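Structure first, then comments.
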Amino acid sequence: MKSIYITGYMGAGKTTIGKALSKELHMDVVDTDQKIEEKQEKAILDIFAEEGEMAFREYESEMLRSLPVRNAIITTGGGIIEREENRKWMKENGIVVYLYCDPHVIAERLREDTTRPLFQKKDIDAFVTKFESRQAYYEEAHIHIDTTNKSVKQIMNELKEKINE
């Protein structure tokens, strides 16, 4: 089976759904952010602070191309879709799933999370603007799932149905 790339904005449920799908399909799950942290030997927050977003995006593209294109669930960072080369790679080499969640619901989820470099609690308007600027890129995915106020079980049922279509 082709690899499944799970995309969506931060806080949409990519990691949670990736792990659940991994168990369901008996496929390994690989998190691009985690792999970048391992390879660079520093937290993403530190990469952003010390090297900037452009360097991080370069690491992200390199990591994406190094991952398996078969029999893996790949959970991506929220901004991976900003580069056309990444969107093209994922679409050509796997099934791309977009997990949508209302940005105001995400903001509530992330309110206390200090590990997200692009989420600033004080500036919800900028957060929503960033979300909207990525929307068209996310929508290029093969499969769209709205995770807003849904349980993992509901999301998984919908996702399995769409994967099997």
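Cβ coordinates come from backbone N, Cα and C, glycine included.
Annotated substrate binding in Swiss-Prot involves Arg57, Gly78, Arg134 plus, out of the candidates Asp28, Asp33, Asp102, the residue Asp33.
Spacing of Lys14 (ATP binding site) relative to Gly78 (substrate binding site) is 9 Å (Cα to Cα, whole number). When the binding-site residues Lys14, Arg57 are compared by the number of other CB atoms within 10 angstroms of each CB, Arg57 has the fewest. The Cβ of Gly11 (ATP binding site) has 24 neighbouring Cβ atoms from other residues within 10 Å, across all protein chains displayed. The subset of binding-site residues (Asp33, Arg57, Arg134) lying with their Cα within 10 Å of the Cα of Gly11 (ATP binding site) is empty, i.e. none. For Thr16 (ATP binding site), the number of other Cβ atoms no farther than 10 Å from its own Cβ, over all displayed protein chains, is 16.
The record assigns Asp33, Arg57, Gly78, Arg134 to the substrate binding site, and the maximum Cα to Cα distance across that set is 18 Å.
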